[in-house]
Amino acid sequence: LTTQPGPSEPPKPLEPPVLPLWQRAAVVGAALGAAGAAWLSLREEKERRRRQRRLRDLRALSLGQTDFELQDTAGTPRRRADLLGRWVLLYFGFTHCPDVCPEQLERLCDTVRLLEADPALPPVQPLFVTVDPARDDAAALGRYLGEFHPRLQGLTGTPEQVRAAAAAFRIYVSAGAPDEDGDYVVDHSVLTFLLDPDGLVRDCYGRARTAEELAGSVRRHMESYEPLPP
């Protein structure tokens with residue numbers, strides 16, 4: 001008897017070689033790294049565009065572009081041009097303020113100290129402009145501001161000069177009625193302004209931001225800063 005050969009079995013498909021575990025981990029790590037780099041790049045670009053939009057909005061308001069004349073604690077006249085060439089953190093307030101202004105000045109000076117800790121960054125000038133010139137003369141400012149930071153400068157002037165400076169930055173100011181002791185409170189906008197070396201307002205900060213957040217924001221503005229063409 002002859003035996004008929006059975007049907008031949010189909011050839012088995014070739015299986016891809018299995019990479020060693022360390023190679024598989026390297027491939028996964030490379031893919032995750034590329035995805036992470038792409039995500040960081042998108043986030044940085046989004047942040048850059050957000051800063052540009054905010055800067056355009058601030059420039060459209062023309063904040064701080066009107067000239068003004070005040071006096072420092074030594075009685076030296078100071079104008080807007082004296083702020084050029086350096087970074088400035090500027091706050092409007094008054095020395096008789098019971099809580100808000102001291103808190104904001106402390107935050108401003110803490111921000112300056114955080115930035116001073118990095119010698120690679122340019123110095124930042126802290127600046128206080130009074131909204132209460134009737135009580136905040138040069139001597140009063142000098143005594144008050146010395147408690148916060150050795151480089152904190154103060155500016156005052158006549159009521160007309162102070163109103164003009166506040167108006168240049170769109171600062172609202174309204175003095176309340178005096179009490180029986182002649183004391184009164186000045187209601188005003190609570191904002192801190194960052195001025196770049198060209199004298200342009202790069203950012204403004206409300207009460208809620210911490211010193212660490214302000215320092216981070218100032219650092220980013222410094223890193224993205226490009227001087228205006230002559």
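All residue numbers here begin at 1 and follow the chain in the order shown.
Using the three backbone atoms N, Cα and C, a Cβ is placed for every residue, glycine included.
Note that this is a predicted model, so its numbers are computed, not measured.
The transmembrane segment feature in TrEMBL is assigned to 21-42.
As annotated by TrEMBL, domain 'Thioredoxin' applies to 59-223. Note on the domain 'Thioredoxin' (59-223): mean pLDDT across this stretch is 93.
Per TrEMBL, the feature disulfide bond maps to Cys97-Cys101. Counting every protein chain shown, 23 other Cβ atoms lie within 10 Å of the Cβ of Cys101 (disulfide bond).
Sequence annotations record features per position, and here TrEMBL assigns Cu cation binding site to Cys97, Cys101, His188.
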For Cu cation, residues beyond Cys97, Cys101, His188 with C-beta within 8 angstroms of the site's Cβ centre include exactly Phe92, Gly93, Phe94, Val100, Gln104, Val131, Asp132, Val186, Val190
Within the same chain, the residues at least 6 apart in sequence whose Cβ is under 8 angstroms from that of Cys97 (disulfide bond) are Val185, Val186
Rounding to whole Å, the Cα atoms of His188 (Cu cation binding site) and Cys101 (disulfide bond) are apart by 10
